[in-house]
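Q: Got a structure here, written out as structure tokens. Questions coming.
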Amino acid sequence: MGMGTSTFVIRWVNLLTMLLAVAVIIFGVWMSTHNDGCRRSLTFPVIALGGFIFLISIIGFLGACKRSVALLWIYLAVLLIVLIAILVFTVLAFIVTNNGSGHTNPGLRYKEYKLNDYSSWFLKQLNNTSNWIRLKSCLVKSEQCRKLSKKYKTIKQLKSAELTPIEAGCCRPPSECGYPAVNASYYDLSFHSISSNKDCKLYKNLRTIKCYNCDSCKAGVAQYMKTEWRLVAIFNVVLFVVLISSLLSTRFDSEQSFGLLNGLVQISNITFKDCQTTTVPKQF
């Protein structure tokens, strides 16, 4: 790969990184305006990440156009820090979300979830009283449970439905309780349950109570968070590949000259030619 080809890669990788950052910011803003408070609280890190990546790209672009070795050094240093942070977070995300899955029940299409199946990190976060009060408030306001009776008119429809983890865990008692369903959001609690599961006593038909204090509800939230984290981890892998391409291509150019410093100056000169077409770059 020649110098021109490598510099071409740097320019286009920077452009792709900037476009990716803009897309991340737009997605974060969209999430903050089209979702309830439960998910909206997760959008700030998304917007912040997009803004930070955009800032890095601007630093690299200005460093090349203004022939500033200092800016290019800053660009490389910050880019390396971001790469390490993304790598660490992605590895931790895959480790934390490795455990936990749904359990099938005869006659039901949807799965049920058990809190102890998930990682100790999830258990610590969801068993924290202040955290759960906040999450429970969001779940009640979202009225997902109230909407079940409108979505599924009959018990047969409910049993054949693919309920979300939160609907399955927070809106109904665990199947082992044995409470007969009157409709999709109301159960006959006069039935004497022989199950030792404490969730059976915690469930109430009241809209603000349901099974929001149950471990099954926390397990449903854990499964939801696991899915979200996996998506973020996959996105981070793509982002890592894009950023590492930028770092490696910059390093390759640096190795073509008499050391990293001269390499950075050479990159800035070549890129400066595109930014200032009337200026003849100095040849090294």
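Keep in mind that glycine also has a Cβ here, set from the backbone N, Cα and C atoms.
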Q: Looking at N-linked glycosylation site as annotated by Swiss-Prot, pick the matching residue from N183, N269.
A: N183
Q: Go through the topological domain entries in Swiss-Prot and note whether V69 and K226 share a side of the membrane.
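A: Different domain labels for V69 and K226.
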Q: Quick check for the class: what is the C-alpha distance, in angstrom and rounded, between N183 (N-linked glycosylation site) and N99 (N-linked glycosylation site)?
A: 33
Q: Tell me, how many other CB atoms lie within 10 A of the CB of N183 (N-linked glycosylation site), whichever protein chain they belong to?
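A: So the Cβ neighbour count for N183 (N-linked glycosylation site) comes to 13.
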Q: Within 10 Å of each Cβ, count the other Cβ atoms, then let me know which of the glycosylation sites N99, N128 comes out lowest.
A: N128
Q: Reduce the DSSP letter at N183 (N-linked glycosylation site) to three states and note it down.
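A: Assignment for N183 (N-linked glycosylation site) reads strand.
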